[in-house]
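J.: Grabbed the feature section from Swiss-Prot, which reads as follows:
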BINDING   Cys20, Cys23, Cys29, Cys122  [4Fe-4S] cluster binding site
REGION    20-29  region 'Essential for the oxygen-regulated activity'
REGION    71-75  region 'Activating region 1A'
REGION    116-121  region 'Activating region 1B'
DOMAIN    164-237  domain 'HTH crp-type'
REGION    181-191  region 'Activating region 1C'
DNA_BIND  197-216  DNA-binding region
Amino acid sequence: MIPEKRIIRRIQSGGCAIHCQDCSISQLCIPFTLNEHELDQLDNIIERKKPIQKGQTLFKAGDELKSLYAIRSGTIKSYTITEQGDEQITGFHLAGDLVGFDAIGTGHHPSFAQALETSMVCEIPFETLDDLSGKMPNLRQQMMRLMSGEIKGDQDMILLLSKKNAEERLAAFIYNLSRRFAQRGFSPREFRLTMTRGDIGNYLGLTVETISRLLGRFQKSGMLAVKGKYITIENSDLLAQLAGQARNVA
């Protein structure tokens, strides 16, 4: 029997809410390591919004930090605007990722977050989450793990841009996407790129022409099969080697 409070929350959120206990990506998100009682407490503070359409923003640079956002489905890109007025993409966030950590230090978002496709998110009021984490050691530890993962990702990106050539950058990007899809229960070998080649080039510091040329080269070498936005990894060993990784992706 479903508890009365949970029934009320389902009705208030449109009758179709997926709760933390039932979410297929909870192992990548805040609920991981929490017991049933802690999950219920976390679930009570989460707001589940209607789908975010492609092009819509979760927040803009300069906005006050009010909530963190856990992505349930879809893809969100984060970006800043340079002094010259150009967009600089700083990350692509998939289901299970949390967006907004970089605003905790100052209390204001330093970047924009925009949907690359129709996406679903869970909005988590930060002040309430912060208060709850002070009472729940497991929650606090998981928050620290997630923040640590963000820092590690930033370090990897710095290394990628400073040490690798164009071919290695793109291979590492595809390898990383493959690994992230695998973590979410999707095929690590066949997937669709939700970002444009221009977005990929912007993120990697390469031109659109270079991205297209390299994808063609990867296809000719038998490493990938490319059809529009769809990627099939044909030779995972070669991709891992070019990406500077020792382990296979598929």
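The count begins at 1 with the first shown residue.
Each residue, glycine too, has its Cβ placed from N, Cα and C.
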J.: Under 8 Å between C-beta atoms and at least six residues away from its ends: which parts of the chain pack against the region 'Activating region 1A' (71-75)?
T.: 18, 23, 25, 52, 92-99, 115-122, 194-195
J.: Quick check: in three-state DSSP terms, what is Cys122 ([4Fe-4S] cluster binding site)?
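T.: Where Cys122 ([4Fe-4S] cluster binding site) sits, the three-state DSSP reduction gives strand.
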J.: Other than its close neighbours in sequence, what residues sit by the region 'Activating region 1B' (116-121), given a CB gap under 8 Å and a spacing of at least six beyond its ends?
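T.: For the region 'Activating region 1B' (116-121), the nonlocal Cβ contacts are 48-49, 51-54, 58, 69-77, 92, 99, 194-195, 199.
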J.: Using Cβ-Cβ distances, find the residues under 8 Å from Cys122 ([4Fe-4S] cluster binding site) that belong to the same chain and are at least 6 apart in sequence, listing them in sequence order.
T.: Ile46, Glu47, Arg48, Tyr69, Ala70, Arg72
J.: Quick one: DSSP breakdown of the region 'Activating region 1A' (71-75) into helix, strand and coil?
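T.: Taking each residue of the region 'Activating region 1A' (71-75) in turn, the totals are 0 helix, 3 strand, 2 coil.
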J.: Within the region 'Activating region 1C' (181-191), count helix residues (DSSP H, G, I), strand residues (E, B) and coil residues, in that order.
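T.: Within the region 'Activating region 1C' (181-191) the tally stands at 3 helix, 2 strand, 6 coil.
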J.: What are the DSSP helix, strand and coil residue counts for the DNA-binding region (197-216)?
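T.: Helix (H, G, I), strand (E, B), coil: 17 helix, 0 strand, 3 coil.
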J.: Across the region 'Activating region 1B' (116-121), what does the pLDDT come to on average, as a whole number?
T.: 95
